[in-house]
Amino acid sequence: MPPLNGKIVTVVLFIAVLLGVLYCYISQSYRVVLSFEERFKASDKEARPPQEVVVTLSRHELHLVSQDYLRYKQPSIVQGRTDVVTVTPWLAPVVWEGTFNPGLLDTIYRPKNITVAVTVFAVGKYIMFLKNFLETAEQHFFVGFRVHFYVFTDRPNEVPQIKMAAGRQVTVMSVPSSNRWQEISARRMEIIQTLIEQKLENYCDYIFCLDVDSKFHGRWGTESLGGLVAVIHPGYYRDERSRFPYERRPASRAYVAHGEGDFYYCGGAFGGLLQEVHLLARTCRENFEADAKVGIEAAWQEESHLNRYMWINKPSKVLSPEYLWQDFKSRNSEVQIIRFSGVVKNYADIRPN
């Protein structure tokens, strides 16, 4: 057998080493996750428990590419907001006014041609809030981006006709009414899960789930995008966690023990990438159903289950109370702008029980 040419051996070894390094880099940089189809076909026994959830980042999050012609004010790492915390202990950004450049973010995300889905439930007398919600969303919510609003209601004939900008639309979906507002609240996670599975896969990139009895006052845009996005509740953001209204019964799947928990998050505003919100909705629904089988209803229904989920599965982005304030509250000094807020209402007049 003739001896191998030294140059050939060198080239072969170099290619082998290069492929090995590339394989290691890819395996460390990306986590293999179930596709939507595989997730939906998995049985309950095969589904991962919430404690083992792996957060999946899409390429939208991994590649934030700025245009080379863009000019903007130089950012600083020694100057900025000093009156609020802008990063969590697990290094997720906390979004406040003054912590981001809206023009820069919009320029980064616009070439990605993203589509944002929004779910809103207008059941029973809550239909009265829908017109104001949609009109103010047209003024402030992801302006200039493709947005698809999905309105779930038992009164489809009462849905107002709102003129939408190009690339923005409303789809009305009928749901049954209920004699208990708690049941309406509890069904939301199941409906969101089903919507993602049946209509949104391969269509939308992100989804936000918002309360209809609210309206927009200021910009809500690309600064809010992330893998799993939570909004800090305006009623508890200054409180010690011992005062958070977590579900405290150990028998409940929504249980959070005293001394545990990070923040108290809103059930009226959350979102993120489709696959992350799908996993959240599915897990919360399963836990709610498990509670129901033993006669337990969590203290604040889906909000309690959402808080349990996000304590274990840390959100990758946290939105400050600017993103869901309450109209009856006076604004504290650190809240420089109110972007989205729950309107003043008489619950006795609008809730079925």
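One-based numbering along the chain as shown.
Glycine is no exception: its Cβ is also placed from the backbone N, Cα and C atoms.
The feature UDP-N-acetyl-alpha-D-galactosamine binding site is assigned by TrEMBL to F121, A122, V123, Y126, D211, V212, D213. In the three-state DSSP reading, F121 (UDP-N-acetyl-alpha-D-galactosamine binding site) counts as strand. In sequence order, F152, T153, V175, I184, R188, I191, D211, V212 are the residues of the chain that are 6 or more apart from F121 (UDP-N-acetyl-alpha-D-galactosamine binding site) and have a CB within less than 8 Å of its CB.
As annotated by TrEMBL, Mn(2+) binding site applies to D211, D213. In the three-state DSSP scheme, D213 (UDP-N-acetyl-alpha-D-galactosamine binding site) falls into the coil class. Its own atom aside, the Cβ of D213 (UDP-N-acetyl-alpha-D-galactosamine binding site) has 22 Cβ atoms within 10 angstroms in the protein chains shown.
The active site, nucleophile annotation in TrEMBL covers E303. The local packing around E303 (active site, nucleophile), expressed as other Cβ atoms within 10 Å of its Cβ over all shown chains, amounts to 23.
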Nonlocal neighbours by CB distance (under 8 Å) for V123 (UDP-N-acetyl-alpha-D-galactosamine binding site), same chain, sequence gap 6 or more: F152, T153, D154, V175, S177, S178, I184
Spatial separation of E303 (active site, nucleophile) from Y126 (UDP-N-acetyl-alpha-D-galactosamine binding site) - C-alpha basis, Å: 18
Distant-in-sequence Cβ neighbours of A122 (UDP-N-acetyl-alpha-D-galactosamine binding site), under 8 Å, six or more positions away: F129, L130, V151, F152, T153, R155, V159, V212
Cβ-centroid neighbours of UDP-N-acetyl-alpha-D-galactosamine site F121, A122, V123, Y126, D211, V212, D213, 8 Å, sequence order: V120, I127, F129, L130
